[in-house]
Amino acid sequence: MSMHTLLQYKWEMMTPEFIVLGTALILSLMDLFMPDDKDRRPLAWIAFVGVAIALIATIGLIPAKAVSILNDTFRLDAFGKAFKLLLLAGGALSLLLAFDYRPKEGLKDRGEFYYLLLCALLGAMIMASSGDLITLFVGLELLSISSYILAGIRKTSMQANESAMKYVINGGISTAITLFGMSYIFGLTGTTNIKEIALEVQKLTDSGYQYILAIAFLMMLVGLSFKISSVPFHMWTPDVYQGAPTPVTAFLSVVSKTAGFVIVLRLFITIFTQAPAQGKDPSSLLFSMQDYIAFLAGATMIIGNTIALKQRSMKRLFAYSSIAHAGYILVGFAAMSWVMIDSIWFYLLAYLFMNLGAFAILQRISDEADSDDLSHFAGLYQRNPLLAVAMGIFLLSLAGIPGTAGFIGKLNIFLGALMTEPGHYVLAAVMIATTVVSYVYYFGIFVQIFFRPADETTSLRMPIGLAMVVVLCALGTLLFGVVPGLAYHFLE
């Protein structure tokens, strides 16, 4: 490729990625030359500013027409821009959590934490704009490898080391399975470009090729199910969430999960809605596999909510809650239509606000008590009424109570499931039943906060970083719960 050709590309379309990459490089150099005894936490503010600028740059690119560069390996379209906004917002809020993370084994001398988190965020952004299997895989690995290191960054913690090891093993297996499925697609079509694959799979009318394509679909679904924590590939989630630092847990629960659904939607809708399925009506491979996806969604909702009932560790409880929410989103994928993409995006937006806000409060309480046990939430209303009300808002939204963004997200997916075909009525019923089950553990926390006496009588103050996260997330949860049209209008 000549220099003239390189200069002709519209590199300004990659401005957000360049900003995140440049910020990561600056932080790595600053960390290298800072004295060893210097507190590294102020680097979080530099990282936050970089991500905020990248977010503004992404908003500035919204009016731009869809364009692809680098031989269609990088594509900036409406899909990519919409999900990049979620990824950047989640990354920025996670960095604010990191600034005020103060356990005994904290991030005070871990400067690598901040640029590793930016590298993970960059990988997720590349996945959102990937137009080629190779680009997509590079982004996936950048996100995955950075996340493995972040999960075990507390090197002296045995729990963190154990969780990181489980994450590496499970993540490596899932990556191998995903790559194996991609290799089948490449073997059948002779190309790694996603658009070209979508055209080539339409020509696979031979039954033998269609069976191989179905195997590729299932292998990629299995591999990516690890990333989104769906049953039965969810086993790593509770241990990693509990062992990782709270900012990392929050990042994995929002940014990594969103990136997982980005790759699922980008690949499966583009490729497998065009692929024929032998002896099936309709003749799309994706639609012929909806029953399997629906089964995964139902099992994920049931198991996630059921096991969460017995948890005392708040991190493990939110881990199983995260699994259950993956099931709710999978309902939208099982009942797939073009309308459901908007519903999935809105659900991930709502989940970003309510989950990160809850993790900010959890971090403050667990840092003070040196434990994430549910009992430490007792009497929070007496110690900090505003913080208790904010946590109540997040819990109500996670439970799907009207007036919150979580309710709108669940309602849209529920109605979408009812509108597709009668077979999804069962899935919608499971969604309602498991949502009711979730009330038990969400309102169990609610009872601790408002109706149990506090062990500590001192006022609980919030550092500036955590306070910013709580305020922004509470406002977002209420605003999009009352006026959801703002988000949908912006998306359009």
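Numbering starts at 1 and runs along the chain as it is shown here.
Each residue, glycine too, has its Cβ placed from N, Cα and C.
Per Swiss-Prot, the features are:
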type     : residues : note
TRANSMEM : 13-33    : transmembrane segment
TRANSMEM : 79-99    : transmembrane segment
TRANSMEM : 111-131  : transmembrane segment
TRANSMEM : 133-153  : transmembrane segment
TRANSMEM : 168-188  : transmembrane segment
TRANSMEM : 211-231  : transmembrane segment
TRANSMEM : 284-304  : transmembrane segment
TRANSMEM : 318-340  : transmembrane segment
TRANSMEM : 344-366  : transmembrane segment
TRANSMEM : 388-408  : transmembrane segment
TRANSMEM : 426-446  : transmembrane segment
TRANSMEM : 463-483  : transmembrane segment
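Looking at which of 79-99, 168-188, 344-366, 426-446 has the most CB pairs under 8 Å to the transmembrane segment (388-408), the answer is the stretch 344-366. Taking every recorded stretch in 13-33, 133-153, 168-188, 284-304, 344-366 and counting its Cβ pairs under 8 Å to the transmembrane segment (211-231), the highest total belongs to 168-188. Ranked by the number of CB pairs under 8 Å to the transmembrane segment (111-131), the listed stretches 13-33, 168-188, 426-446 are led by 13-33.
Away from its own ends, the transmembrane segment (426-446) comes close to residues 294, 297-298, 301-302, 304-306, 308-309, 311, 314, 317, 321, 324, 327-328, 331, 334-335, 374, 377, 391-392, 395-396, 398-400, 410, 413-414, 417-418 of its chain (Cβ-Cβ under 8 Å, at least six residues beyond either end).
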